[in-house]
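Worksheet: the structure to be examined is printed underneath.
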Amino acid sequence: MNHPTDPHKMIQASTPAGTNPGYMPGFGNDFETEALPGALPQGMNSPQRCNYGLYGEQLSGTAFTANPPERTWCYRIRPSVKHSHRYDKINLPYWKSAPCVDPDVTSLGQYRWDPVAHTQDGLTWLTGMRTMTTAGDVNTQVGMASHIYLVTESMVDDYFFSADSELLVVPQEGRLRFATELGIIDLEPKEIAILPRGLVYRVEVLEGPARGFVCENYGQKFELPGRGPIGANCMANPRDFKAPIAAYEDREVPSTVTVKWCGQFHTTKIGQSPLDVVAWHGNYAPYKYDLRTYCPVGAILFDHPDPSIFTVLTAPSGQPGTANIDFVLFRERWMVAEDTFRPPWYHKNIMSELMGNIYGQYDAKPQGFVPGGMSLHNMMLPHGPDQDAFDNASNSNLGPDKLDNTMSFMIETRFPQHLTSFAATEAPLQDDYIDCWTSLEKKFDGTPGKK
Ligand SMILES: [Fe+2]
């Protein structure tokens, strides 16, 4: 005789279930997390008195009336007004914001850089930021900047937030810890992190020296691209994005908060750590993503799709289909297209394309585009495979072929990118990059059938 299942016999998973310790899975979820039991109010946001004597405070990442609004409720030891005092302007000469058009610098062209080398200088997240390009206008909240970071020293009793931008961090070397108001994110190469506008954090070196790329997004937040006919699976899956669980410190030491605001930097002195959020809930939070979980989709019979097929995250510009920024990943994948020129085709593009190499070899440029290096193909400037890549792609036998040991990315923006003086004169610019197409010969002689 069958009895109904006894609910008391159900076996429950441990908490948290099925996810990485320290993180909660999902993209843009309405998360909730508390570092002390009962610190998070239930069923309401603003109780008359919060548990543990905490202060309730909302961090708004969108207008209140945006649909959907993005905001997070924090329950913290002190309200943020206690982490902000009078401001003194400081100079971080290598961190530039748009508009930054240097009359002595030519941005028209195709550019490629070797990795920016480390120096003997001790550099933090703030002093080690080296802006390469800027686009748009930070004051009108459109466009972006690209940076290389060189970090050898941890921030100590020193904190930062950018009111200007959301930061997309792409490590290439070393490991960093982002100790934020909303929890801890540890980051290493093959992962990326997003640090939202307004979030306070310090950056510690777990393994140095650390080098990588930053895309500073002045505009609307990054979101997952619409998959269209691809459907609900593949590309970047929402479950692989990880937001940190709540973490706080109750440390009363003289501290400094540096603020980036309308392209300028100011500091304020406070008497304690601002990382004092004991519990939070909401959908405005930092997160990380493991690029190895990106499932590429491509052509399985012939031809080469547009690179937008590899978009990981997109930041809209207000003009549908035309991104302020697309973050696009070129990773290991199989090439199977028949009778096809398989590398990226030659083209000109209204969008401006900045690329970085995380590791390995990129298929359109077997030489010269090395891990840690960057390239820029600016608005409407032609580019494509070099001579070696063209010859190989035109003459090789086309069986199934795995592109292995390769991970590069592209930051594509609708706005032209302007080189900084650092990118044009101090960074290791390859003067001979334009010559990679010089040896391409005319093959046409009017003979039909010739290939
Ligand atoms: Fe391109």
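Here the Cβ of each residue, glycine as well, is placed from N, Cα and C on the backbone.
The active site, proton acceptor annotation in TrEMBL covers His304. According to TrEMBL, the Fe cation binding site annotation covers His347, Glu353, His383. According to TrEMBL, the feature homogentisate binding site maps to Tyr362, His383. Annotation source TrEMBL lists domain 'Homogentisate 1,2-dioxygenase N-terminal' at 23-291. Annotation comment: TrEMBL describes 293-444 as domain 'Homogentisate 1,2-dioxygenase C-terminal'. According to TrEMBL, the region 'Disordered' annotation covers 1-21.
What TrEMBL annotates, mapped onto the structure for a quick look.
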{"residue": "His304", "record": "active site, proton acceptor", "Cβ contacts under 8 Å, 6 or more apart": "Ala337, Thr340, Phe341, Arg342, Pro343, Pro344, Trp345"}
{"residue": "His347", "record": "Fe cation binding site", "Cβ contacts under 8 Å, 6 or more apart": "Pro382, His383, Gly384"}
{"residue": "Glu353", "record": "Fe cation binding site", "Cβ contacts under 8 Å, 6 or more apart": "Leu376, His377, Asn378, His383, Met410, Ile411, Glu412"}
{"residue": "Tyr362", "record": "homogentisate binding site", "Cβ contacts under 8 Å, 6 or more apart": "Phe330, Met355, Phe369, Thr406, Ser408"}
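The Fe cation site is defined by His347, Glu353, His383, and by the 8 Å test on Cβ atoms against their centroid, the other residues of the chain that qualify are Pro344, Lys348, Asn349, His377, Leu381, Pro382, Gly384. In the three-state DSSP classification, His383 (Fe cation binding site) falls within a strand. The secondary structure of His304 (active site, proton acceptor), as reduced to three states from DSSP, is coil rather than helix or strand.
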